[in-house]
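According to TrEMBL, the protein has these features:
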DOMAIN    34-89  domain 'MIR'
DOMAIN    90-144  domain 'MIR'
Amino acid sequence: TGSGQQSVTGVEASDDANSYWRIRGKSDSSCQRGTPVKCGQAIRLTHVNTGKNLHTHHFPSPLSNNQEVSAFGDDGEGDDLDIWLVQCSGTYWEREDAVRFKHVGTEVFLSITGEQYGHPIRGQREVHGMPTANHHNYWKAMEGIFIKPSMDPAKHDEL
């Protein structure tokens, strides 16, 4: 059941190669590579393997009946329902911080509560949107790559 868009699920293993997401700026603003993500900043999360964006809309999720979260778009291009605000406690999202993602269009929090799918994705947990901030909507980066900012080509002195 659901909208028919690609499901987004959660797994226990932090090293699952299908669990990697790239942080990008909003489609109408640039996001320079390596720039720290500010608390309160609007971002898009693009699934590395499929190129689809983390997305939600007013549609019930199949297991918990919260708001469905899906993967949507092609090659990182989707729509306004792909934009999330990073909620954290300092100035920037720090590597060790637990953060929340609040959806700009529907104001739900990206959450996972433990409902598990059966066949064909047995053991994977439903990711969904919840209307209130609580302990089910904290997220922490477990693996990843920090990319240094691009060098200013005018100051580049290598041959």
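Heads up, the Cβ atoms here are built off N, Cα and C, so glycines get one too.
Residue counts for the domain 'MIR' (34-89) under DSSP, helix first, then strand, then coil, are 3 helix, 27 strand, 26 coil.
Across the range of the domain 'MIR' (90-144), the DSSP-based residue counts are 3 helix, 23 strand, 29 coil. On the 0 to 100 pLDDT scale, the domain 'MIR' (90-144) averages 93 in this prediction.
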